[in-house]
Amino acid sequence: PPCPPALQICVSRCPDRYMTYLGAQGSSSSLEYYRDFCTPESRSSRKAPLEVLKDKECPAMLIPSTPLARRCFPAIQAKRGVIMVGNETTYDDGQGRRRNVTELLEGARKANVVLETRQLAMKIFEDYTVSWYWIIIGLVIAMVASLIFIVLLRFLAGIMVWVMIVMVILVLGYGIFHCYMEYAKLKGEAGSDVSLTDLGFQTDLRVYLHLRQTWLAFLIILCVLELVIVLLLIFLRKRILIAIALIKEASRAVGHVMSSLLFPLCTFFLLCLCIAYWASTAVFLSTSNEAVYKVFNESTCPFSGQTCKPETFNTSNVTKLCPDAQCLFAFYGGETAYHKYLIVLQFFNVFMFFWLANFVIALGQVTLAGAFASYYWAFKKPDDMPAFPLFSAFGRALRYHTGSLAFGSLVLAVVQVIRVTLEYLDHRLKAAENKFAKFLLSCLKCCFWCLEKFIKFLNRNAYIMIAIYGTNFCTSARNAFFLLMRNIIRVAVLDKVTDFLFFLGKLLIVGSVGILAFFFFTQRIKLVQDTAPPLNYYWVPILTVIVGSYLIAHGFFSVYGMCVDTLFLCFLEDLERNDGSAEKPYFMSQNLRKLLKKTNKGQPDA
């Protein structure tokens, strides 16, 4: 028969002595004390002691306990290496048997884990209470550093890119020189002329470093890489210059639309609302079940495990056929159509979460794209820009483009839900032995991961075209895709250059702020040594500052990245649609026109 659920009773205090219910019957004071740990119904009950124990109205025994996390745990202690509870090594289990207190150790171990976790949480909380304002100062420093880095890109983008390229060439050149020197040094040494095929596979990789053929292979590979990079620089030099110019132009655009740097806070707030809606709905669905009661018994009974109703259980046939049976709570559930399709409702809730979250992200992208597009298509920058470009773009997005954003978000949400389903199936099939099914599932996961990445890329550029021209999603996605395909080399160059600069920026900001926080909280800066707060774990505020700095830098650079992508698509559209005549002048900046050797005939330079 199934085991009945353990009886849990709320008490005002934990027991402080050994006692059994049967042993307490001989003293009224002991019985009164014992009833504090019984159900309220037992106080007015006139049942015999054995019936009270059978109906689980009182525990069979009491053990000296201590309160922990609103629970009573056995008060286990060690005296001279002997485990004791209440100065006793054995106890009466209420059924006439003596047991050793070591049987309670498992519960004590779990209690110690809870206690240690609670103590750790309290110490971490104490560290936050004494260092929160210093953490805020560190995050403000990260915010200022991110802003300064974006401003400096206007002046230092070209220097940073070319310095990095030259460093890569020099490093490869040193690698070629080192490989040649090692190759020449091994000439004439015993065993150095053995070929790799004759040597075969060796677990000790250092053996290969004593072969001339290994260094010759390294030399050839590095020479090929050096040659490829030099050729790319020769043929892509102009495209690299265009990418640098667009990055500098993006810095100017962000400078004219400074409110865009705070817009991710709006997106974050809306995402928090989406998460709160999903979580509250999921909790409501999970707790909307009904209480299910089942028949529990200690002897053999044909009704064991069947559902029952406590109100009518005592008058049913079950108690007549199984006198020791009880109708006890088992779990929350139900057998109605609503409860049967509850998993479908949860699945739909997950789908709606993805749809709403993607819609919020799309709204942020099209708003930023509209603001930066208004900068590019202003012939006289910034005089021809609207007074509030960000708010104007946000209003246009809500008024005219809601349907397009919802459709693009729907497509992405469908793919993401399929990926979640595949992950769920993969989790369920982990114990299966069907290798073909696992292989097929891995292939599907890989394909849908690639599809999700592609759709995100396509949606991002489609939203930019929606912000520029106001066309529907499908038209914008098609135009953006073919526009990028016609300029695929420029896309690749700009993407790699911006990725490098963003990586460098995040590394500099997070690294510098993290190092500063480390020296400050470990009291290694003598000037402010007395100012640093005393901490239990200095890594708590340091990790908080590092993670917060990364999120702040990521937020700033996400806005900057959207600006670069928007200006790039506007630049490509400008090149294809305009020719510099009085009727179709170029809208690009003067620096870009000089770089491409383009001029506006009969028009003053912007």
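Cβ coordinates are placed from backbone N, Cα and C, and glycine is handled just like the others.
What TrEMBL says about a protein is an automatic prediction, not a curated fact.
As the structure is a computational prediction, the values presented were derived from the model and not from experiment.
With a cut-off of 8 Å between Cβ atoms, the residues of this chain six or more beyond the transmembrane segment (132-152) that come close are 251, 254-255, 261, 505, 508-510, 512-513, 516-517, 520-521, 532-533, 541, 544-545, 548-549, 552-553, 556-557, 560. Taken from TrEMBL, the feature transmembrane segment covers 132-152 (among others).
Taken from TrEMBL, the feature transmembrane segment covers 159-177 (among others).
The annotation transmembrane segment is assigned in TrEMBL to 215-236 (among others). Long-range contacts of the transmembrane segment (215-236) within the same chain: residues 165, 168-169, 172-173, 175-176, 179-180, 182-183, 186, 196, 209, 489, 493, each at least 6 residues beyond the stretch ends and with a Cβ under 8 Å from a Cβ of the stretch.
Residues or ranges marked as transmembrane segment by TrEMBL: 257-279 (among others). Beyond the ends of the transmembrane segment (257-279), by six or more residues, the same chain brings 147, 349-350, 352-353, 356-357, 360-361, 363-364, 367-368, 371-372, 375, 388-390, 555-556, 558-559, 563 to within a C-beta distance below 8 angstroms of the stretch.
Look at TrEMBL and you will find 352-377 (among others) tagged as transmembrane segment.
Taken from TrEMBL, the feature transmembrane segment covers 398-418 (among others).
Taken from TrEMBL, the feature transmembrane segment applies to 462-485 (among others). Tertiary proximity for the transmembrane segment (462-485) is limited to same-chain residues at least six positions away from its ends with a CB under 8 Å from its CB atoms, namely 362, 365-367, 369-370, 373, 377, 393, 396-397, 400-401, 403-405, 407-408, 491, 565-566, 569-570, 572-573, 576.
Long-range neighbours of the transmembrane segment (497-521) within the same chain, counting only residues 6 or more positions beyond its ends whose Cβ lies under 8 Å from a Cβ of the stretch, are 131, 134, 138, 141-142, 145-146, 149-150, 153, 157, 160-161, 164, 240, 243-244, 247, 528, 532-533, 535, 538, 541-542, 545-546, 549-550, 552-554, 557, 560-561, 564. The annotation transmembrane segment is assigned in TrEMBL to 497-521 (among others).
As annotated by TrEMBL, transmembrane segment applies to 537-557 (among others).
Sequence-distant contacts of the transmembrane segment (352-377), counting only residues of its own chain at least 6 positions beyond either end whose CB sits under 8 Å from a CB of the stretch, comprise 250, 253, 256-257, 260, 263-264, 266-267, 270-271, 274-275, 277-278, 385-386, 389-390, 392-394, 396-398, 401, 405-406, 408-410, 412-413, 416-417, 459-460, 463-464, 466-468, 559, 562-563, 565-567, 570-571, 574, 587-588.
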